[in-house]
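> As annotated in TrEMBL:
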DOMAIN    31-163  domain 'Enolase N-terminal'
DOMAIN    173-462  domain 'Enolase C-terminal TIM barrel'
BINDING   H189, E198, E322, D347, S399, H400, R401, S402, K423  substrate binding site
ACT_SITE  E241  active site, proton donor
BINDING   D276, E322, D347  Mg(2+) binding site
ACT_SITE  K372  active site, proton acceptor
Amino acid sequence: MDSQDILGPAITIPPSRTPAEMACVYASNIISSIHAAQRLDSRGKPTVKVTITTGKGKFDAIVPSGASKGDYEALELRDGDPAFYGGNGVTKAVYNVEHVIGPALIEQKFDVRTDLSKIDEFMRKLDGTKEKSNLGANAILGVSMACARAAAAARDEPLYEFLRQQTGVTPNGYTLPVPFFNVLNGGAHSGNTMAFQEFMIAPVGAKSITQAVQMGSEVYQELKNVIKKQFGGAATGIGDEGGFAPPIRHPAEALDLLTTAVKNAGYEGKVKFGIDPAASEFFRKDVYDIGFKSERPEPLSRKDFMGLYNKLLKDYPIVLLEDPFAQDDWETWKEFNKTCPVELVGDDLLATNIERLALAKEHEACNSMLLKINQIGTISEAIAAAQKAYSYGWRVFVSHRSGETTDDFIADLAVGVGAGHLKSGSPCRGERVVKYNRLMDIEDEIAHRRGGHVYAGEKLSA
Ligand code: PGA
Ligand code: ZN
């Protein structure tokens, strides 16, 4: 029996909606309440959670937080009261959402379906500073993320599809990103003496994100065995992003461990490497001190440091270098970029900020942008930065923060902006794997319902 039998004879539906119906559609697209609360991130530090309500339901977002923050990032507002979470409380940011942004935004009656850019611009003006230091980028971003979710719901679309339409630069259908798993943690993310912050494995030879996750996980487990054999079980503890942090010091030691793990897992040639030294952390005047975490300094001149990278690039299958130099060391970036054979990503260098991107373009300093939503503080500005990077012919690499949450927003963002690669830590720890799990869900959904998607693979782009 089809529905016509139940409903009886067909009735003519008027071509346009009645005023009452219109009011109902409208109500489903406007914000009726905005709330915020202080919750914890993966390091156990406070962060901001925002919940907005429209006629379509409630939409949450939780904001991430970095440890090796760049100087050009938007401001993360912390209370600074040492007696409360050691100064890390975010009750001021929570207050700003509840009592400043919330009431002002609700009064504007924006249509979330179409007005994300207007909402973000309104919050920027309400804050009135370049760095979002009045209201806090953590307050503003929480609202922006939750509004993006409400917008997707108002359009009856998944979040990645809404973000794809906002970006408007992904003509080749859907591209699932190559996951860069950060499996060895150093720098500001662990207690060992390794200066370089991240050593990542990238399953570029997989056929799908699901297979890439399998490869990443298998190599990760092999790496644990290799470390245990070489350094003992106590060395298999993990750092902030879920990677191991064994007592190693030199980058070549880390890459040797990865090489053995990849070989043992049977993925030689299919799993390549990426490195994020986060070099701003150990740039001292004119030298890079790769011994900065030990009692034995090991300062390298710019020339010697470039030489170290060139040797690593020669000896190992590295496909990406992120922040190999400090955020203001333009000359070295520029010099290295002239002959760099791999993707050269600006993180602290660019801070997801189009003004920094323009400077980097002027210097010809890099060929890729790391996209971190809390560096800039709104979703529309993050998308604008991605569009700008593409207009320069660069790649876009979507990233989590070392202080993460179980919010999986960036998985949808990576597909939405067609980034072709994403980093979300190791294939371990809930706040990391939630992004990889979401990407596998998206892959399944696209395969079953939308058709036509590809895994970025060696291209690392859409
Ligand atoms: P952060 O580290 O979140 O601590 O800044 C991540 C990165 O540098 O890419
Ligand atoms: Zn980085």
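Backbone N, Cα and C atoms are what each Cβ position is placed from, and that goes for glycine too.
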> Spatially, and counting Cα to Cα, which of the recorded positions is closest to D276 (Mg(2+) binding site)? Options: E241, E322, S399, R401, K423.
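Going through E241, E322, S399, R401, K423 one by one, the closest to D276 (Mg(2+) binding site) is E322.
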> Within 10 Å of E322 (substrate binding site) (Cα-Cα), which of the recorded positions E241, D347, K372?
D347
> Within the same chain, and leaving aside D276, E322, D347, name every residue whose CB is within 8 angstroms of the centroid of the CB atoms belonging to the recorded Mg(2+) site, in sequence order.
Q197, E198, P277, A278, L321, D323, V345, G346, D348, L370, S399
> Show which residues of the chain containing E241 (active site, proton donor), separated from it by at least 6 in sequence, have their CB under 8 Å from its CB.
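Correct list: N182, N185, H189, E198, H400, S402, G425, S426, R429, R432.
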> Out of D276, D347, K372, R401, which recorded positions have CB atoms lying under 6 Å from ligand 1?
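Once distances to ligand 1 are taken from each Cβ, D276, D347, R401 fall under 6 Å.
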> Far apart in sequence but close in space: which same-chain residues, 6 or more away, have a Cβ under 8 Å from K423 (substrate binding site)?
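For K423 (substrate binding site), the qualifying residues are P179, F180, F181, N182, E198, M200, G274, D276, F397, V398, S399, H400.
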> Which of the three DSSP states, helix, strand or coil, fits D276 (Mg(2+) binding site)?
strand
> Given the recorded positions D276, E322, D347, K372, R401, K423, return the subset with CB under 6 A from an atom of ligand 2, ordered by sequence, or none if empty.
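The ones that qualify, in sequence order, are D276, E322, D347.
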> Tell me the Cβ contacts of D347 (Mg(2+) binding site) under 8 Å, same chain only and six or more apart in sequence, or just say none.
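In sequence order, the residues whose Cβ lies under 8 Å from that of D347 (Mg(2+) binding site) (at least 6 apart) are G70, D276, A278, E322, D323, L370, K372, S399.
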> Would you identify the secondary structure of E322 (substrate binding site) according to DSSP, in three states?
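SS state of E322 (substrate binding site) = strand.
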> So if I measure Cβ to Cβ from R401 (substrate binding site) and keep only same-chain residues at least 6 apart in sequence, which ones fall under 8 Å?
P64, S65, G66, K372, N374
> Just to confirm my parser: what is the rounded mean pLDDT across the domain 'Enolase C-terminal TIM barrel' (173-462)?
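Over the domain 'Enolase C-terminal TIM barrel' (173-462), the predicted model scores a mean pLDDT of 97.
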